[in-house]
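Undergrad: Here's a structure for you.
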Amino acid sequence: MQGAIRYLGYADETSPEPVETLTIEAGQFGVFPPEKWHCIEALSEDTVFNVDFYVDPKILIEG
């Protein structure tokens, strides 16, 4: 991995400004709140990152 990404968390789908931000450098990890409106942006042209999303299996069953 290389570069950095920025997580932007929003209060809801219509919020124009993020209520929280987190910058993650290569080699670091971040955990974000579940079921939150968000945007993830690369901070440079050469950024390479893996972003994984996890969900409690019970939520998928309840659907």
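Even glycines carry a Cβ here, placed using N, Cα and C.
Bear in mind that TrEMBL entries carry predicted annotations, made automatically and left uncurated.
According to TrEMBL, the domain 'TehB/YeaR-like' annotation covers 1-51.
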Undergrad: When DSSP states are grouped into helix, strand and coil, how many residues of the domain 'TehB/YeaR-like' (1-51) land in each?
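TA: The breakdown for the domain 'TehB/YeaR-like' (1-51) reads 0 helix, 21 strand, 30 coil.
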Undergrad: What is the average pLDDT across the domain 'TehB/YeaR-like' (1-51)?
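TA: PLDDT averaged over the stretch: 94.
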